[in-house]
Amino acid sequence: MPPQQAVAALPARASSNLRLGLLVPAVAAVVALALLPVFTSGYVVYVANVLLVYVVLSLGLNLVIGEAGQFSLSHAAFYGIGIYAAALGNKLLGLPLVGCLLLAGVVAALLGGVIGTIALRMRDIYLALTTFAFGEAMQWLFLNWEPVTGGPNGLRIPPSSLFGVEILNDKQAYPVVLGVALLMLGATVVISRSRLGRAFRAVRESDVAAMAMGIPVRRVKIMAFLLSAFYAGVAGGLFATFSTYIHPESLGFQTTMTVLTMVVVGGLGSTGGALLGAVVFGLISELLRQAPAVQEMTYGLILILFMMFVPRGLAPAVSRWVRGRGHV
Amino acid sequence: MDSEVLFLFLQQGIASGIVSGSVYALLALAIVMIFKTSEVPNFAQGEVFMVAAYAALFLIVFYGLPMWVVIPAALLFTVAGMMLFEAGILRRVKKALGEPVNLVIATLGLSFLLRGLVRQTGLGDTPRSFPSLVSTDPVQIGQAMLTRLDLAIVGTAVAVMAAVFLLFNFTRAGRAMRALGMNPKAAALVGIDIRRTHAFVWGLSGLVSAISALLIAPKILMTPEMGHVAILAFAAAIVGGFNSLPGAVLGGFIIGIAENLVGLFVSASAIVVTPFLAIMAVLVLRPQGLLGGRPQMRKV
């Protein structure tokens, strides 16, 4: 697929220079992000938390669709499972924050593995539609399993605690959300460059050819679903740490589509793209929250225009621009 | 539940199921004809359906036009819009990269855009009801109660299905569409105008969705979210086999009847989840759908 080819085509020297050149701004960005709550209002921090959750969601969806080429449309379901697992772990079991996050990730990953196993029988449109159906069925479950999820009334989450300190507001939650998001980002880079990441891409290009090369295609596909669901679950757990209330309304197809949009607008198959798409699109949707009609029209126009004129997404376009400047 | 009540419920469920099923079937037909020729699941089909109904409502509310003007105008508007989207936008997207994901995202963009536009007009602020051409007097069939409107809906829907069937099987344009679905390159080689055929299919799909919208509009409250019905049409298409036109019709009736029976026998809240359980059951047991051909293996 094109983004990888573009990177591979770079001479080794240029790529290491580029990496060094990226290191400084990356460190600066992390420091700036870490200091964000010191300088800004609670609302900005809240938006930052939401964006970071979107980043983790996008990274996960990019793993299964972008890297492994499996068209899964049940991301919001795993996200929802993560939210409820974390909230209930906190509320009923009294788990500390780290335990809640792990529980959220693991429960989602297990279900992701099950869906991945079922999905082995299907491809393309049928896979997309089965996972879509699973997502819708899960949302129905969230809405109707009242003893556990609170149903349409929603569920109140008690504040989670980290090392005995209760997290009561967005600013307190922010370091945790940022730390976990960075951890997940790092893990994505490691996975993407590992043997497993290469296996994902081989399966994406052609599972027959991958099988011929000795890649255990079935296991790799299940792994893609499982990992992607783990990300979504952790994202849900993060959401639960800075929210006091969950409502199943926001856990349907619309959310899956929002995340898919982020991944595609950012650049399918590229980690940087998932990051960029989540931040840019998340900001747009937050800025236009008050005007739903305008928000929807803007979404629609962005999607259509991107597919017409920037079909590979933001990340390849940006990296081409950066490299172009470097040569001058 | 004794057997008499059971039999009554069964009759009512099937009768009401055929009414709503005929609308799902039309919309599924519109989705499948596009998928067969363009390989795009059109996620904006529900919004096209919604816009058709609102276009008609707009003409009634703002210009007070009579129905015999409003209906053709709304149909024409939808057909033109779909053709414009295919020729102006989708063709360009296909040329830009041509990945299926990109085409899907473009239709998703259209769905957002249309919903936003309808919201912006202000017509969607409150739920609206659409005037009915046919009276809603009750009619009894067996032990099931329907209305005259219901019968008109089923009658029109079946007539449209028959017309689509005849069009696909016995006309030149229909043969061109089928050829395009089988193999676009070979179709071009034997002299079929690919661009025109694509535009024609999208236009026809718009026409069928618009008809289904105008049929069901008097029975439901109109909101900008009414396009969600498309989810049921997708379910119908999947159950029937995503590349089969007769399958879409069969699937539509199955989903409609299943929904109504579940509503009567299980609970009203279980209605929403029925189509998804049907999808998952069909896909796990028979992944190509009831009437779908064998799934084709992509060449390496």
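Along the chain as shown, residues are numbered 1 onward.
Placement of Cβ uses the backbone N, Cα and C atoms for every residue, glycine included.
According to TrEMBL, the transmembrane segment annotation covers A:20-39 (among others).
According to TrEMBL, the transmembrane segment annotation covers A:45-64 (among others).
Positions annotated as transmembrane segment by TrEMBL: A:71-89 (among others). Listed by sequence, the residues of this chain that lie at least six past the ends of the transmembrane segment (A:71-89) yet keep a Cβ under 8 A from its Cβ atoms are 57, 60-61, 64-65, 95, 99-101, 103-105, 107-108, 111-112, 115, 119, 124-125, 127-129, 131-132, 134-135, 138-139, 142, 148-149, 155, 157, 160, 225, 228-229, 232-237, 239-241, 246, 248, 251-256, 259-260.
For A:95-118 (among others), the entry in TrEMBL reads transmembrane segment. Sequence-distant contacts of the transmembrane segment (A:95-118), counting only residues of its own chain at least 6 positions beyond either end whose CB sits under 8 Å from a CB of the stretch, comprise 72, 74, 78-79, 81-83, 85-87, 89, 130-131, 134, 160-163, 167, 176, 180, 221-234, 236-238, 240-241.
Outside the transmembrane segment (A:125-143) by six or more residues, the chain places 70-77, 80-81, 84, 115, 118-119, 149, 151-152, 248, 251-253, 256 with a CB less than 8 A from a CB of the stretch. Annotation comment: TrEMBL describes A:125-143 (among others) as transmembrane segment.
Beyond the ends of the transmembrane segment (A:173-191), by six or more residues, the same chain brings 30, 33-34, 36-37, 45, 48-49, 52-53, 55-56, 59, 62-63, 97, 101, 162, 167, 197, 227, 231, 234, 238, 241-242, 271, 274-275 to within a C-beta distance below 8 angstroms of the stretch. Residues annotated as transmembrane segment in TrEMBL: A:173-191 (among others).
According to TrEMBL, the feature transmembrane segment maps to A:222-246 (among others).
Among the features that TrEMBL reports, transmembrane segment is placed at A:258-285 (among others).
Sequence-distant neighbours of the transmembrane segment (A:297-315) (same chain, 6+ residues past either end, Cβ-Cβ under 8 Å): 2-3, 261, 264-268, 270, 272-273, 276-277, 280-281, 284-285, 288. The transmembrane segment annotation in TrEMBL covers A:297-315 (among others).
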Taking a Cβ cut-off under 8 Å, which residues six or more beyond the ends of the transmembrane segment (A:20-39) line up next to it in the same chain?
45, 48, 171, 174-175, 178, 182, 326
Sequence-remote partners of the transmembrane segment (A:222-246) [C-beta within less than 8 Å, at least six residues beyond its ends]
46, 49, 52-54, 56-57, 59-61, 63-64, 67-68, 70, 72, 75-76, 78-87, 90, 97, 100-101, 103-113, 115-117, 119-120, 154-157, 159-160, 167, 169-170, 173-174, 176-177, 180-181, 184, 191, 196, 200, 203
Chain residues in Cβ proximity to the transmembrane segment (A:45-64) (below 8 Å; excluding those fewer than six residues from its ends, i.e. six or more beyond)
33, 36-37, 70, 72, 75, 78-79, 170-171, 173-174, 177-178, 180-181, 184-185, 188, 191, 200, 224-225, 227-232, 234-235, 238-239, 242, 259-260, 262-263, 266, 268-271, 273-275, 277-279, 281-283, 286
